[in-house]
Amino acid sequence: MTNYVKKVSIEDFGCQFLHTAHWNNRLRTTGGRFFPNDRHLDFNPKIYREFGIDIFRKIVRHELCHYHLYIQGKGYQHRDKAFKELLEKVDGLRYTPRVTAVKVNYHHYSCQSCGQVYRRRRRVNLRKFACGYCHGRLIESF
């Protein structure tokens, strides 16, 4: 990953990338992140898998705009004029395309006494928890 970012940095910016770049599977709504404290970059592998190398390269350019402007002591945030100009110059993406959402599986529970229905992402220990309305016994329903 770091080698690819170094290559893009030299080809598109004419400057070296001297730090590290990593894949980060926990990223959901963003294509990448720049960390000013230690100057490393994180990238979302889902963007690469779903949209391919062309879109991913534009996201790498976007994060490298943050990186190089920070190193030069210029405005590196999205609202700064220097950032917007450099991003347009290197043909980086302003916004990340939406990744298709992963379907979340829910667990359904109902109360035996009052019939109250609960929907939860995480499983509930049926021996430990009861209905919040009538304190009746919960059962798993499908």
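Note: Cβ is positioned from N, Cα and C throughout, glycine not excepted.
The following features are taken from Swiss-Prot:
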type: ACT_SITE; residues: Glu63; note: active site
type: BINDING; residues: His62, His66; note: Zn(2+) binding site
type: DOMAIN; residues: 4-138; note: domain 'SprT-like'
Practice task
Please list, for the domain 'SprT-like' (4-138), how many residues fall into helix, strand and coil according to DSSP.
Solution key: 46 helix, 23 strand, 66 coil
Practice task
Would you mind checking how many other C-beta atoms are within 10 angstroms of the C-beta on His66 (Zn(2+) binding site)?
Solution key: 24
Fill in the blank from the handout: Excluding its own, the Cβ atoms lying within 10 Å of the Cβ of His62 (Zn(2+) binding site) add up to 23
Exercise for the section: Count the other Cβ atoms sitting within 10 Å of the Cβ of Glu63 (active site), across every protein chain shown. Expected result: 22
